[in-house]
Structure formats: structure tokens, C-alpha cells
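Participant: Mind looking over this structure? Questions follow.
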Amino acid sequence: MTCIVSNDEQSNIESNNQSIVSSATTTRTYKVYPRRFAILAIFCICSLASGFQWIEYVIIQNIIVRYYNESLPGDAEAKNNAVTWTSLSYMVTYIPLMFPAMWLLDRYGLKITCSTGAFLNCVGAIVKCFSVDTNLWWITFTGQMICACAQSFTLGIPPYLAATWFSSDSVSTVTAIAVFGNQVGIALGFLIPTILVPDVEDIGLIGERLRLLYYGVAFVCLVCFISMIIVFRPRPPTPPSRAQEMALQTSEQNYLQTLKRLLVNRWFLLLLISYGLNTGAFYSISTLLNPVYMYYFEKTDHASKYAGTIGTLMIVGGIFGSLVGGYVLDKSKAYKTVTFIVYLLSFLSMVLFTSTVHLHEYVAFVTMAIVGFFMTGYLPVGFEYGVEITYPENEAISSSLLNVSAQIFGLCTTQFQEYLIFKQHKVLISNVMLCVILIVGGVITLLIRSPLRRQNAQHGGDNLLENNVACAVVSDTNAVVNA
């Protein structure tokens, strides 16, 4: 049906249209709520506990093999492999469990999803409290598998939490802080077990210290779970920014459709590969840091403890790298440039470590801190770049797909590096492999040419809003004429 509108009526429509747009774009204010800081703090502690348990066994691998020797399978190589799988289990379980975890987030929101992860983390930690005996390795590994499953419900949350609760000028910094919680946990996982559990022949003393370790972790996980139930909310009463408001209005709340759109976005697919290569290399060197370090310095005093120290320095460097990266992104908004520079420096720092680790323990301390600054600092930068090029899709789904890529590449890289270390005894070649992986990922990063969609929405979203308003006005006009 064709309708005719007089010039006066058309003028009134345009006037109303302009009035509505002006009101929507100039008078809308956005509020942030104090609860967001408590939510961020509790999430960081939950993520800390998860990161701690990921690395707590492999960093004292030689001690764990000695203590649980009679209940570990097979020969020396099989025993070491069993302990390595306490870390690899986190990568294996994340890949299938990410999809139901993100469906849960899409359907029920932040509180239910994070509380599920905190609950599983708590249950797994409590199970491990009953495994302090040399013949109870299977209980230890069962508890570790439960904790590994918990990670799927929290690892991809940082950019979603930042966008949901914080203003647009701080989302990159907040994402870095949320990732920072996991990194602090990994740093403590490197440090505390090596200090608390001594590298001695006294099995009874090792058991006593393991009991203290298990009980302490279980207590932290329980407190975190209870706090999350009390404090968390699915989302704030009102959106904290225009970008978040527009994302809520324009994105289809259909989990499978979101996945489909992300997986056909060629720029995001390139980022999936480059992010997976970098983070997979980080997972590999973290998991196998103990045997790499022991290969060069096994004959020195306190070699096992120093392996934990070098791991801690790597993560502490990464914590500062994460914060610096988030701050630079918030100020510059130069996502591709920052991502590539961090990637390039990750490669150069890994080359430095590989070529100098044999010189002296303290040289390894310094170079690994530099590796951590750039390689770990890449994590929030990659998250935020992924959010930018996939806006307005759900931030947690895009970041979780990035994590799936990281787990796949991490699993493959770790297995191959483990083969080179334990079967071929070629530690140098295994480190060179990581350097090659990083340079390939850097080249792939250069190929990404996507526009920054979230920034365009935040600072140039008036056209989209005008189009929506105009469509609404035309629709109302047609309804009146038809009537």
C-alpha cells in the first residue's frame, strides 16, 4: 500500500526525528555502581585460586614424583608424564566445556556462571585434602580434574565483566586487572609450593607440607565461593556506556548464531590463530619450566626452589606487562599496533632467554622476567583486540573462543616440547621451537585489517541510532496513515 504525506506532515516528522535523536544522543548519561569493585575483587581471587592450582604440581614435579611414586604409573617417563597432565588437564577440559559454560553465561548471566566455576574449584580443592598419602595419587588427580573443569566457567570472563560493569574509558585496564588475578595465582603457584614443600628424601615431611598446601587452598576457594554467592549480580541496573547499551540492543541473544558469526569473521579467525600460538607457547614454557631449569642447573643448590623463583619472576613481569598493556590501550586505542609490538617483543625476549639461559642462574632470572612481561602481557591485549573486531558480539564468547585456541595450541606445543625434553633430551631445540611459533604468530597478526567496531560505536554511533529512530518514526507514521 502507498501512503501520501503532506509537506507539513513530513516537516513535523523530520522535526520529531531530530528532537528524538538529539535527546537520545545529548542527554543520555551513564552510571557505574560501587558494587563493581567488589565483583572485580572477588572474581580476581577466584581466578587466582584457579591459576594457582593449575601450576602447583608441575613446578615441584620431581618432588611430587618422589612422594607419590608407588601410586604413579609405569617407568620414570610415565611418572613425569602423569604429573605433567595435572597441568594439561586444564587445557583438555576447557576445549569441550567452554561451549556449555558460555551458553550458561548467555542464558543466565555472570553470577550463575562464575558461581558454578567457584563451586567446582572449591569441590576439587576439598577432594585433594583427602589425598595426602603416597598411594592416593588417583584422588589427587581426581580433585585436579574437577578444578580443571572449573576453569571453563571463569577464564573467558574478564572482558565481559569489564564491559558489563565498567565505563568505556576503563574497560581495557579492568580487563587487564581481571586477567591479572589469574596471573597472580600462577605466580603464587610457582612460588609457594617450592617454598612450602622441601626437596628432601623425608617422605613424611613432604606429606605434612602437602597437607598444609591443600588445606590452605581449599579454605580460600570456599571463602571465594560464599562471597560470590552473596555479592555477584548478573548485570548492573543500567548499562555503564553507550557501547554496552547498543550491544544489548543490537546483538541477537542467540548463542549458536553468535558462534556462527564469530567463526565466519576472517579477521577474528586470524586472531584466533595468532592468539593461540602466543598463549600456547606461554602455557608450554610454564608447564615445563621445572624440567627445563633442572636440565641446566640440576647440580646447583636449591635448584628446585629456584625453578619456582624463575617462574614467579616470569609472572610478576607479566603482571606489570598486563597493566601497562591495558593502560596503553585505554589511552591510545591503537589495538593492532600495540598487539603487534607486544607480539614482536615476546619473540625477541624468548630468543634472548633461549640464547642466554645456560650462562648463569641469575641471567635466567632476568631474561625470564622479560619474557613474562611481554608474553603474559599479551593476554589482555589479545582479549581486548578480539572484543574490538567482533563488537557487538558477547565479549565472553569471543574471549572464550580465543582461550579454546590457546588450549589447543598449548596442548600440542606442550606435548611436543615434552617429547623433545624427556625423550630426545633436546632442551635447546624445544626453546627454539617456541621462538619459531612466536614469529609465525607475529606475521599472522600483521594480516589482520579489521576496523575497531566498538570504538566506532562508542564515538561514532550516532548514525546507527538515527537510523533506528528514523525507522521507528516511519513505522509509526505508516501505522497512523493505515489507520
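Yeah, the Cβs are placed from backbone N, Cα and C, and that goes for glycine too.
The feature domain 'Major facilitator superfamily (MFS) profile' is assigned by TrEMBL to 42-453. What TrEMBL lists as transmembrane segment is 37-64, 84-105, 112-130, 173-192, 212-232, 267-286, 306-329, 338-356, 362-381, 428-448.
What's the neighbourhood like for each of these?
Facilitator: Panel annotation: around the transmembrane segment (37-64), residues 80, 83-84, 86-87, 90, 110, 114, 117-118, 121, 124-125, 144, 147-148, 150-151, 154-155, 157, 161, 165, 174, 177-178, 180-186, 188-190, 192-194, 197-199, 206, 213, 217, 220-221, 224-225, 227-228, 231-233, 286-291, 294, 304, 307-308, 311 of the same chain, lying at least six beyond its termini, place a Cβ under 8 Å from a Cβ of the stretch.
Nonlocal intrachain contacts for the transmembrane segment (112-130), taken as residues 6+ away from its ends with a CB within less than 8 angstroms of a stretch CB, comprise 43, 46, 49-50, 53, 101, 104-105, 136, 139-140, 142-154, 157, 211, 214-215, 217-218, 221-222, 224-225, 228-229, 232, 234.
Residues 40, 43-56, 59, 155, 157-159, 161-162, 165-166, 213, 286, 289, 308-312, 314-316, 318-319, 322-323, 325-327, 330, 376, 379-380, 383-384 of the same chain lie 6+ residues outside the transmembrane segment (173-192) yet bring a C-beta within less than 8 angstroms of a C-beta in it.
When Cβ-Cβ distances below 8 Å are used as the criterion, the transmembrane segment (212-232) is approached by residues 35, 38-39, 42-43, 45-46, 49, 52-53, 56, 110-111, 114-115, 118-119, 121-122, 125-126, 128-129, 131-132, 192-193, 196-197 of the same chain, each at least six residues removed from its ends.
Here the transmembrane segment (306-329) has Cβ contacts under 8 Å with residues 55, 59-60, 172-177, 179-180, 183-184, 186-188, 190-191, 193-195, 285-286, 289-290, 293-294, 297, 300, 335, 338, 342, 361, 364-365, 368-381, 384 of the same chain, all six or more residues outside its ends.
Within the same chain, residues 274, 278, 281, 321, 325, 328-329, 332, 363-364, 367-368, 370-371, 373-375, 377-378, 381-382, 385, 428, 431-432, 434-435, 438-439, 441-442, 445-446 sit at least 6 positions outside the transmembrane segment (338-356) and bring their C-beta atoms closer than 8 Å to a C-beta of that stretch.
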Participant: Which range wins on Cβ pairs under 8 Å with the transmembrane segment (362-381): 84-105, 267-286, 428-448?
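Facilitator: Ranking 84-105, 267-286, 428-448 by Cβ pairs under 8 Å to the transmembrane segment (362-381) puts 267-286 first.
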